[in-house]
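Have a look at the structure below, then the notes.
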């Protein structure tokens with residue numbers, strides 16, 4: 001019985017340990033699942049960010065040729081205008097013959113040239129500003145493309161690291177699930193053994209109760225027998241005392257009957273002797 005109790009205590013301790021290990025494995029599995037879910041969410045966010053950067057990069061790359069074409073068109077238009085202005089300036093003084101004519105023309109056209117120079121200079125300045133603005137815009141687009149490419153590379157590296165972390169988390173989750181399954185199997189085996197031992201303990205307990213009842217009844221019978229033995233012992237002692245008294249009485253009677261017999265014999269002997277003497281006398 002004591003061995004069964006010790007075995008049951010050991011099995012319960014093993015079951016508790018298995019349950020603790022199972023709960024620990026479940027908690028670790030839940031934590032790993034949360035970390036994996038978080039990593040997966042980060043991967044999805046990075047993928048969205050990468051997709052957004054790629055879309056923006058595609059848009060910028062699509063807009064860049066258009067901007068370059070516009071810049072080239074503006075540059076060509078500017079060069080054509082400058083060439084036309086230069087050709088006009090070269091052809092205008094030669095259209096009139098002789099130096100005098102040139103001086104006169106210059107005197108005539110000095111004031112209009114001054115008036116026309118400002119708009120022409122303004123057009124050149126605006127064209128230069130447009131050209132510089134387009135160049136700056138192109139440079140900014142190039143810088144933006146470079147920045148986007150760098151961000152895209154970093155995002156891809158982060159996505160690769162997140163994928164590795166996710167794979168590691170998935171591997172750890174698989175290991176934890178295997179440990180959890182083994183712990184649950186051990187816990188189930190321990191519970192089955194505990195049920196068997198509890199059933200065995202119940203049977204033993206019932207047998208023990210039966211033995212206790214039998215022992216109690218035996219004790220009651222023993223007490224009853226002890227009372228009967230005590231009573232019989234008293235009666236035996238009383239009988240022995242009466243027997244001793246009877247023996248003493250018989251002994252006394254025997255002794256008394258012996259003396260009476262001897263007296264009777266003496267009397268009989270005397271009578272016989274007297275009779276013989278009487279018969280012998282003449």
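Including glycine, each Cβ sits where the backbone N, Cα and C put it.
Nobody curates TrEMBL annotations by hand; they come from automatic prediction.
Among the features that TrEMBL reports, region 'Disordered' is placed at 1-39, 78-126, 247-282. Per TrEMBL, compositional bias 'Basic and acidic residues' is recorded for 12-39, 103-126. Residues or ranges marked as compositional bias 'Basic residues' in TrEMBL: 264-282.
Same-chain residues lying 6+ beyond the ends of the compositional bias 'Basic and acidic residues' (12-39) with a Cβ under 8 Å from its Cβ atoms: 162, 165-166, 169-170, 172-173, 176-177, 179-180, 183-184, 186-187, 190-191, 194.
Remark: secondary structure over the region 'Disordered' (1-39) totals 38 helix, 0 strand, 1 coil, with classes taken from DSSP.
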